[in-house]
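*Asks:* Annotation comment: TrEMBL describes 16-290 as domain 'UvrD-like helicase ATP-binding'. The ATP binding site annotation in TrEMBL covers Ala37, Gly38, Pro39, Gly40, Ser41, Gly42, Lys43, Thr44.
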Amino acid sequence: MPLREVSAAYRLQSSDLAGNPGQQAAYDSTGHCVVLAGPGSGKTKTLVLKLARILAEDVRAPRGAACITYSQECARELTRRLERIGLREARNLFIGTVHGFCLRHLLMPYGRLADLPVEFPLNVATQRQSDQILKRVGDRLFGTGHPHKAIDLGRHRRSVLDRTTLAWRSAEELAAWTEAYEAELRRDGLIDYDDMVVFGQRLISEHDWVLPLVQAKFPVLAVDEYQDLGVALDRIVRRLAFQGGVRLFAVGDYDQSIYGFTGADGALLVELAERDDVERVQLQLNYRSASRIISASEMALGEARGYVASDSKRQAVIAFVHCNDGLQGQAAHAIAAIIPEALAAKPGRRLGDIAILYKDFKVGDIVAAAAGAAGYDYVRVDNAAPYRKVALTSWIEDCAAWCAGGWREGRPQLRGLLDRWLGFHRARVPDVQARNEARRLTELLWSLRADAGLARDFVASLRARMLDALLAAEPALGDQREQVVRMSAALADGGALAELDLSSLGGRDGSPLHLNLLTLHSAKGCEYDVVIMVGLDLGSLPWRREAPAKLRESRRLFYVGLTRARDEVHMLYSGFVDTPRGRMHYGRSPFLGELETRMSEAGTA
Ligand SMILES: Nc1ncnc2c1ncn2[C@@H]1O[C@H](COP(=O)(O)OP(=O)(O)OP(=O)(O)O)[C@@H](O)[C@H]1O
């Protein structure tokens, strides 16, 4: 794409980098480059602009770039940021999760040619199917009520890729459980989510012929949030970059590594950056947070990183708030006192600038009930949300945003919606069919434009007229279909989102009018003026008697929460937790005590 086609927004944003030597060095890099930097330092911004530059200057269509990140949420944020500077997902620009990349760009095109032990076309198990098989097999092997946990099986499976090693056999029962589970999946002709990455990795590692094919299509690979992407992706990246001639641009932050429990290992990022053939760039400036929040977050982490605020004069609120009536009281205080005050504190501040963060969906239920009772519209991202954000549900939400008025200003862009639609098809769609599908979808979306109306009618029309046919024809979308069905159920009479209107469905991601309720894990990569963390009690964050590695990860989770804030952080606690054995007065989170002491020693309390 010639540079002139890249937007004025690109030129404007890239000129920002000139004031920051680290960002500029990464932007000017010509070989493999890894950017290591703290929160709010502009890693993602640099990655987005660098990608635009590479596509404008170094790579010519039909060749392009693959941009991989941790979650669907992060992928969507990248898509949005790229769209803002005039780039959208296309045949030669993949933006998505590692699972999506492995499925669409490794297994679907090349899997048949390798002797992988799976059936084609690929049939992906729904979450429910894989949960059921896992339980059945576990009960058969170890008896009902056995102590082994699915989460441990998942971690073992993801972190030990070579099954001939001692490391695999060292957890004998988990290994046996995995093998029996996988055998049962295969008998049903299924693969699961983790299989996509494991088989993608095998394809890349064991078949030299795949490398030039991937390199021909994607001579550039960009990775965001590298610290959370795990062992399999790390192997894929190294093989493509150092043996396959693919140019790598990766960004990440070891201190924000919070997925060790799934098998991710932040040290892989650090090792990658230390290679002689990789240019390592370190960024020190934080554009997001006021300087008191930056120094408090380093104190919370217990490591001096020397990060500096881009604007040293900004004021911050850092509050430790004791609510003596438990989580309900914390949620009520956040809603009734903190939010109205925060809204009044800055002209133009809206609900979308505020987030309440918590450990898990059970706390989310309590917070959501309080927000709902106060009449606040909110968007909730946790395991109890009515449906999970997967590529298809995100696409439906974006179509809703377009139909609810976004079409007037091209937000999101119609072309991007059409390209994503074509990307859901198993095989590359022939040009004639692609044009036909694009026309049909354009006509459909055009006819569904409305400034008002219920989201349920919109989703029903989209499904009936195009989506359900695709879902029936593409077994690889099995797990995504489940989420679409859950979305419809939530929008139906009596469902959790029964009254949702079209624009609210479209605004379920980053809407300025919705309060954000998220788990600490899902808040990664996000930023808000005001961050309210609830449930900061010992026995919750952290658990009591966590092993040292787990405790370090909990501390990093707390750090991630703090560093989402631009102006205000409110940390709520009660000094006790309610457990199945009753109320336990373990005290507040030790992270709070340490932070308060360090802040008062430093004179910043
Ligand atoms: N050179 C710059 N000049 C002005 N603002 C910038 C610059 N670089 C980044 N920013 C702004 O800083 C904020 C944080 O940027 P970004 O989200 O890219 O950081 P990050 O390092 O990816 O953060 P995190 O790791 O916490 O997700 C954004 O609002 C971004 O627009």
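Glycine is no exception: its Cβ is also placed from the backbone N, Cα and C atoms.
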*Asks:* Using the CB centroid of Ala37, Gly38, Pro39, Gly40, Ser41, Gly42, Lys43, Thr44 as the ATP site centre, which other residues of the same chain sit with their CB within 8 A?
*Replies:* Asp253, Leu283, Asn286, Tyr287, Arg288
*Asks:* Tell me the coarse DSSP state (helix, strand, coil) of Ala37 (ATP binding site).
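*Replies:* In the DSSP reduction, Ala37 (ATP binding site) maps to strand.
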*Asks:* Could you list the residues of the same chain, at least six apart in sequence, whose Cβ is under 8 A from the Cβ of Lys43 (ATP binding site)?
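*Replies:* Set apart from Lys43 (ATP binding site) by at least 6 residues yet with Cβ under 8 Å, we have Val35, Ala37, Asp224, Val251, Gly252, Asp253, Leu283.
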